Amino acid sequence: MDDDDGGIQEEPAPPLPPPPPPSLRRLLTATRSGGSRWVDGSEVGSSESAPWSLDGDRSLRLSVDSAASAGGAGGGGGGPLSRASSGAFRRRFGKQPRRVDSLDVEAMSVRGAHGHSSKEISMLSTVAMAFQTLGVVYGDMGTSPLYVFSDVFSKVPIKSEVEILGALSLVMYTIALIPFAKYVFIVLKANDNGEGGTFALYSLICRYAKVSLLPNQQRVDEDISSFRLKLPTPELERALSVKESLEKNPVFKNILLFLVLMGTSMVIGDGILTPSMSVMSAVSGLQGRVPGFGTDAVVIVSILFLILLFSVQRFGTGKVGFMFAPILALWFLNLGTIGIYNLAKYDISVVRAFNPVYIYLFFQTNGIKAWSALGGCVLCITGAEAMFADLGHFSVKSIQIAFTAVVFPCLLIAYMGQAAYLMKYPFAVERIFYDSVPEILFWPVFVIATLAAMIASQAMISATFSCIKQAMALGCFPRIKIIHTSKKVMGQIYIPVMNWFLMVMCIIIVATFRSTNDIANAYGIAEVGVMMVSTALVTLVMLLIWQTNLFLVLCFPVIFGSVEFVYLTAVLSKIQEGGWLPLAFSSLFLCIMYTWNYGSVLKYQSEMRGKISLDFILDLGSTLGSVRVPGIGLVYNELVQGIPSIFGHLLVTLPAMHSTIVFVCIKYVPVPYVPFEERFLFRRIGQKDYHMFRCVARYGYKDVRKEEHGFFEQLLVETLEKFLRKESQEMALEASTMAVERDDVSVVSDIPSSPVEAGDLHVPLLSDQRLGDGTQTFITEGNTPVLPTSSIAEEDPSLEYELESLREAIASGFTYLLAHGDVRARKESFFTKKFIINYFYAFLRRNCRAGTATLKVPHSNIMRVGMTYMV
């Protein structure tokens, strides 16, 4: 699995004054309440990172400098310190922490050297990627000249040049305003570490504000290298007020989730109509050219092309992109050259449409009919949302280059060429595209148009796959099989169930409607709905994350939101003519996603209420009231804290328990990817002789859990061993600190106290130490001294014993202990809740993919315990 983000990273805000060195930064993090702290220096139960304090930073540096100078180490501060100075330093910065053996806190992390930095993509690679986008992202928008003018002028008959120039001006400014100005320059920059789509925006918001309805967020998740929270800006106060309003009001949380789910469901609904519309529009060009090629023939040929299109999806986006990109490049070249030919031959004066006055004249002349024609005009930007939704497959710069250099100019020239042809032949609106093609080029253009129409569907199919994957990761869609089709690019996936579902739906639509005009009436509603959702979410990102000037924030929804609302009112007028179809599909997927999220949240809350007390486990003793046999038991649950109720059922049901118990929680965090070395968080439960641990396995919403169970087990065990060694070193360090402090008490009493209270600080991290040769010395980082390392150079006998026990358990094998749960609504619940949970949610749970199927665990290694969750 490749963990490269492969996208454009967030630009950091202007930095504050320089932060202190790493060791001091960890000490600053520790200057909160005198609670316990983790291996990485984070505080137990803390919910947010410590804010920078310049005064605190200054006082902290003064304390360190005074300690260093008292030791007579010379100007460099890098030599050995005296016992007096070391004692003073430890009294100020080395208060021993209180250990907490409770699971009602966050997991302990094992931090390593990450060294992750965003890779610079070469210009040649960016251009090659931009070429691929033609075959994946811009197919839908590129084939819109096949049907836009024919649909517009079916509502507004051509009576003069005002209708032609007005419609052309509408199309040109619609493309310039929505895809070009909004998406290329603004929305694409709101990516989540290179990932796009409504769920990427939602996860980005969840990182800055706790708006997720699933309460499994942890402060330690902010230490993931891809989290990248921005530093404060002058607009921080306004951003904090927005954050507070979102976090405190559950209504806002539900509204935000509803918007995200509605936008995602509309993308899926649009993905059903796009292949049908594009393919039928291309094939219908044979009507009138081939004798006897009627409507039935158009339907049959379209269905065959659709079957071929969906059959090649299993080869993956990358292969499809390289295979389709040359065809789309040739298609855009044809659009441009034919448009220039028509402009030169028929009427170049249509360039007057750059004057927006013709839009006013168009509405003044045609009134309500012009407003109805907006439903056809919006077809010119169908597929614009795919620019953002498919971002994870490519990069921001590649999509911007392709649209600016190829797509935008070719589309404008193509529409102007068709308008020039209509100026001379105004009655050729029904087949405007093929009629405007020179006679000698008809068949080559028809072949390319048919292939381009098939490829046009690729944009929405890829966007649908991406949205489903992100919805699953954020707990809003049932688990289904996902195939990762590329070893290099994590975002390229294939979902068989959705692929065949889309194919069947497209075939039904083509066989039922049998006409592109009827499908066009249903087309566009979902697209405009998704655009309005993205406008609302990006506005929130501007307020909360970008912290943009308030005037600019208001301009974004006012300008783009108002235009999209006008288009929405126009396309809604076509509901009775077929516009109900995308709304029906969108409503179906919205119900599925909202029900799954609602049931998952209730199930998680039920598990939280049923947690087993740690005191009860401790009272059982290290044998857990049973017989401990060699082996590792992986108890799967959804809790990031606490002992799950399934463990109580296991103790009662099983005659013996494994010598090592690990409570495993698979958790998705609101970042695209989590590197392997940051995947697992570990914490010990009880005393050492219990051999029980908590493990939180973190995945990003774009991570594909395709590893074999053996690889997962190996990674888990390696991280557990690192954790045990780290824990042993920390305990040795604390013991050494206590011993040296007792020896230095009389000397330290003569040294003036620091302005920083010792009671507020903790022991520095072991990562600041270097294993020495047994001599009692202090190692320094810059001007910052750290504690001696002589005591941790010796191996801890208890550590060797525990590691040996772990090796014996590994040799005996792994057993996956799972809960076969049934979720039921309580008797006193309302009828609607009982219906949703007992029937709809239960149906989805019975038919979704089992969690163990992802790791391909052998059935002989699985043990299930039946449970019923009352919610």
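In case you wondered, yes, glycine gets a Cβ from its N, Cα and C as well.
Because TrEMBL annotations are produced automatically, they should be read as predictions rather than curated entries.
The annotation compositional bias 'Pro residues' is assigned in TrEMBL to 12-23.
Sequence annotations record features per position, and here TrEMBL assigns compositional bias 'Low complexity' to 24-33.
The annotation domain 'K+ potassium transporter integral membrane' is assigned in TrEMBL to 130-617.
Residues or ranges marked as domain 'K+ potassium transporter C-terminal' by TrEMBL: 630-869. Per-residue pLDDT, averaged across the domain 'K+ potassium transporter C-terminal' (630-869), gives 72.
According to TrEMBL, the region 'Disordered' annotation covers 1-56.
Feature annotation from TrEMBL assigns transmembrane segment to 121-139 (among others).
The transmembrane segment feature in TrEMBL is assigned to 164-185 (among others). Listed as Cβ neighbours of the transmembrane segment (164-185) (distance under 8 Å, sequence separation of 6 or more from its ends, same chain) are residues 141, 148-149, 152-153, 156, 158, 350, 352-356, 358-359, 361-363, 365, 370, 373-374, 377-378, 380-381, 384, 387-388, 399-400, 403-404, 408, 411-412, 415-416, 419, 422-423, 426, 531, 535, 560, 563-564.
TrEMBL lists 255-273 (among others) with the feature transmembrane segment.
The annotation transmembrane segment is assigned in TrEMBL to 293-312 (among others). Nonlocal intrachain contacts for the transmembrane segment (293-312), taken as residues 6+ away from its ends with a CB within less than 8 angstroms of a stretch CB, comprise 275-276, 279-280, 283-284, 286-287, 320, 323, 450, 453-454, 457-458, 461, 499-500, 502-503, 506-507, 510-511, 514-515.
Same-chain neighbours of the transmembrane segment (324-344): 131-136, 138-139, 142-143, 145, 350-351, 406-407, 409-411, 413-418, 420-421, 436-438, 441, 445, 448-449, 451-452, 455, 458, counting only residues six or more beyond its ends whose CB sits under 8 Å from a CB of the stretch. Per TrEMBL, the feature transmembrane segment maps to 324-344 (among others).
The feature transmembrane segment is assigned by TrEMBL to 370-389 (among others).
Among the features that TrEMBL reports, transmembrane segment is placed at 401-421 (among others).
According to TrEMBL, the transmembrane segment annotation covers 441-468 (among others).
Feature annotation from TrEMBL assigns transmembrane segment to 489-513 (among others). Sequence-distant contacts of the transmembrane segment (489-513) (same chain, at least 6 residues past either end, Cβ-Cβ under 8 Å): 1-4, 6, 195, 271-273, 275-276, 279-280, 299, 302-303, 306-307, 310, 313-314, 316-318, 392-393, 461, 464-466, 468-469, 480-483, 519, 522, 578, 581, 585, 673, 702-704.
Among the features that TrEMBL reports, transmembrane segment is placed at 519-543 (among others). Proximity of distant same-chain residues to the transmembrane segment (519-543), defined by a Cβ-Cβ separation under 8 Å and at least 6 residues beyond the stretch ends, is recorded for 147, 151, 178, 182, 186-187, 190, 198, 201-202, 204-205, 238-239, 242, 256, 259-260, 262-263, 266-267, 269-270, 273-274, 276-277, 280, 375-376, 378-379, 381-385, 388, 509-510, 513, 552-553, 556-557, 560-561, 564-565, 567-568, 571-572, 574-575, 577-583, 585-586.
Positions annotated as transmembrane segment by TrEMBL: 550-572 (among others).
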Would you kindly list the residues that approach the transmembrane segment (550-572) from elsewhere in its chain, counting only those six or more residues past its ends and only Cβ-Cβ distances under 8 Å? 177-178, 181-182, 186, 235, 238, 371-375, 377-378, 524-525, 528-529, 531-532, 535-536, 538-539, 542-543, 579
Which stretch, 255-273, 370-389, 401-421, 441-468, tops the Cβ pairs under 8 Å count with the transmembrane segment (578-596)? 255-273
